[in-house]
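Student: Here it is: the structure, laid out below.
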């Protein structure tokens, strides 16, 4: 028996539907999930760890700024202590003019001496680095096997296996410049100083010394009575020593307790230096029949 016409039409519509229409939604959903899912993180290989260990320290300007801060601390501390002790000792002679002349002479000579000393120290450090660098180039060229073994010894301290180190060293040793730099950084632990470092250190150290030494001398310029000037100088210098010691330890250590101890410590050192100088000059002057009047 033949089927009615409408049955044929309905079957035709069903059969002509695209076969992927019903499954398209799940497929699209699965594709979206796969696209948004984070890729699985694989554990880092030992070669990657070795490569990261070879990265040079992130110094940028930190090292240079640290050297400048160190020079300021040394110069300012010496400037506060030495001229203050000298002027305190000379004040026992009772002549403000003598205090000013002696203090200025020490101030200028001390600033020049500190600046030259800082310059020579920084220049010597640069020369030492260059000499060690040339030595490493020579050793890399003449004794590559020994230098390579030293690289193994260095990296094995980081608990890296010999097999993981080998491919990294194969690549590193292809460039003698990078190989020598590695030895300078990790074996000798030397940081290449800037060429201008010696000049910056000289100016910073000398200027800090001069500024620090000028502070305890200010009362002697403003007051005619040397005894009154001495007491004012002691008060000003004591306050500056406390503040300087606090800031010094706060910058270098970063804790309040160490900052307070730094303030007390700096004050004690300054007081001992000034007291010793004052006592010595006073003792010498008491034995001299000719002493300076007011």
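Here the Cβ of each residue, glycine as well, is placed from N, Cα and C on the backbone.
Not my notes, these are from TrEMBL:
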type	residues	note
REGION	1-66	region 'Disordered'
COMPBIAS	24-35	compositional bias 'Polar residues'
COMPBIAS	53-66	compositional bias 'Basic and acidic residues'
TRANSMEM	98-122	transmembrane segment
TRANSMEM	198-222	transmembrane segment
TRANSMEM	228-247	transmembrane segment
TRANSMEM	259-281	transmembrane segment
Student: Restricting to CB pairs under 8 Å, which listed stretch, 98-122, 198-222, 228-247, is in contact most with the transmembrane segment (259-281)?
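Tutor: It is 228-247, which has the most Cβ pairs under 8 Å.
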Student: Would you kindly list the residues that approach the transmembrane segment (98-122) from elsewhere in its chain, counting only those six or more residues past its ends and only Cβ-Cβ distances under 8 Å?
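Tutor: For the transmembrane segment (98-122), the list is 71, 74-75, 78-79, 82-83, 86-87, 90-91, 193, 197-199, 201-207, 209-210, 213-214, 217, 220-221, 226, 229, 292.
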